[in-house]
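Asks: Here it is, the structure in full.
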Amino acid sequence: MSLKIKRKTLPEDHLSLAPTYNNIASVYKDMGDYSKALEFYEKSHKIDEKALPPNHPSMATSYNNIGLTYNNMGDYSKALEFYQKSHKIYEKALPPNHPNLATSYNNIGLTYNNMGDYSKTLEFYEKSHKICEKALPPNHPDLALSYNNIGLTYSNMGDYSKALEFYQKSHQICEKALPPNHPDLALSYNNIGAVYLDMGDYSSALEFFEKSHKIYEKALPPNHPDLALSYNNIGQVYNNMGDYLKTLEFCEKSHQIYEKALPPNHPSMATSYNNIGQVYNNMGDYSKALEFYEKSHKIYEKALPPNHFALAISYNNIGQVYNNMGDYSKALDYFEKGLEVTKKTFQEGSQAFASTYSWFGRVYRNLKTLPEKHPYQAITYSNVGDVHRLMGNYEKALAFHQKALNIQENVQCNPLDCALTYINLGETYREMKDYSMALVYFEKGLEIREKKLPKSHPDLAVVYHNMAKLYLATRKYSMTMKNIQQAVEIAKEKLPSTHPHLLEYKQTFEKIRKKM
């Protein structure tokens, strides 16, 4: 019976209207229209409130659906409020090891995860996991999902070895419980690939992302959104390897699927435009980057509430392009808009609030919400150190870079992050005219980049250029020329002719040629 017929034949608050409203809400949710989904979930909930006792399990489900919608809209405090209302009913209505209680703990954990409170996330995921272990057989797919969520939390906390441990536990269950081409097995490969990506092991990341992709190609229709996400992940690996043309190829494959599978204002379309914009930004094509970032932003403005954190990221991305283009007043304007949204969305001191400050000049990142030895802490210290270098405060620069190395040399992290710290240290010593120390750190950074990156990666050109300037200062002209030629060759191959780095390398080359 359609909604129109039911409305004509039944009173407005009839109990049979509630599931119809609920189904309509679910469709709007899947379409990414969260405000309409919320409207129909609330209509369903009002009927349930009148017709059912306050501790009825259906009331818990209703609260849960509203919480899920707020979570999708980025209003995490409201999501938490409704998830907790749902949980209180489940605690009274269900036995202590009921699977629905595990799901409830899981949802609360997910919300804390989105708020950046990973210790709370882990607490609730572990509560959920204990129930799953008691209530389910050892190879049940839901147990695999539970291991997966704990793995994701450790990944967010920067404990990649623990993340890998739990992802592999999840994967072992998936291999036993599922057919070889099941989409959940693809998701498991994908998650392991994501950890390797975070660890800077790009060959392993690509291997697992490609295993995941092969399953998706067999198991899903050609325009399924999960296939688009898979293309995007492979593109991300190529992006980190500096192969921006391959990155663009995979991002565009991903986008073509989204265009066919999703409505034009779906948030995933915005993310897709954003990813393409990022590639153009990395390639130094700032006008194209701006074009795609603005397409992304228009969708976010229509699809999301005004305080959603994705809008803050979008403002910051546009600001970064204007900064790269040298339009600093516009850059500042967009950075401040991003900061305003984040202030409204998160309390100061949350990790998400801090990350806006990190974009806001790549300087500030909250040093309280992450574990002391988290790899991101090291990146922050190195960023702060480099700002001190730019300000000519070399002693402070050295102190912060050393703090970064104290983490990076003692925990498992992306070796390329460590390489960047070495290079920042080298540049600090070069500006201090301590050329022997500068050379030591440039060579350490170069060794890592040469091992980890393709021979024509733009990040290698940066080091060669730095070393050319060093050798010029010490009058070792043959080494100077060798390094600047390598920098220029890479930049000519990989960067557009108008890219600022290429122009700078050419200027240095001319300066060296005149000296010789």
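Note that Cβ sites are derived from N, Cα and C of the backbone, with glycine treated the same way.
TrEMBL entries are annotated by machine, without manual review.
When I checked TrEMBL for this same protein, it listed these features:
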- 18-51: repeat 'TPR' (REPEAT)
- 60-93: repeat 'TPR' (REPEAT)
- 102-135: repeat 'TPR' (REPEAT)
- 144-177: repeat 'TPR' (REPEAT)
- 186-219: repeat 'TPR' (REPEAT)
- 270-303: repeat 'TPR' (REPEAT)
- 312-345: repeat 'TPR' (REPEAT)
- 378-411: repeat 'TPR' (REPEAT)
- 419-452: repeat 'TPR' (REPEAT)
- 461-494: repeat 'TPR' (REPEAT)
Asks: Over the repeat 'TPR' (186-219), what does the predicted model average in pLDDT?
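Replies: Summarising the repeat 'TPR' (186-219) by its mean pLDDT gives 94.
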Asks: May I ask for the residues of the chain that lie six or more residues beyond the repeat 'TPR' (102-135) and have a Cβ under 8 Å from a Cβ within it?
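Replies: Those are 60, 64, 67-68, 71, 74, 76, 79-80, 83-84, 86-87, 90, 96, 142-143, 146-147, 149-150, 152-154, 156-157, 346, 350-352, 369, in sequence order.
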Asks: Short question: which residues 6 or more past the ends of the repeat 'TPR' (270-303) have a Cβ under 8 Å from it?
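Replies: For the repeat 'TPR' (270-303), the sequence-distant neighbours (Cβ-Cβ under 8 Å, at least 6 residues beyond its ends) are 32-34, 228, 232, 235, 239, 244, 247-248, 251-252, 254-255, 258, 264, 310-311, 313-315, 317-318, 320-322, 324-325, 495-496, 498-502.
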Asks: DSSP helix, strand and coil counts for the repeat 'TPR' (102-135)?
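Replies: Across the repeat 'TPR' (102-135), the residues distribute as 31 helix, 0 strand, 3 coil.
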Asks: How many of the residues that make up the repeat 'TPR' (18-51) does DSSP mark as helix, as strand and as coil?
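Replies: Across the repeat 'TPR' (18-51), the residues distribute as 31 helix, 0 strand, 3 coil.
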Asks: Same chain, outside the repeat 'TPR' (144-177) by at least 6, Cβ under 8 Å from its Cβ: which residues?
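Replies: Apart from its flanks, the repeat 'TPR' (144-177) reaches 102, 106, 109-110, 113, 118, 121-122, 125-126, 128-129, 132, 138, 184-185, 187-189, 191-192, 194-195, 198-199, 370-371, 373-376, 411-413.
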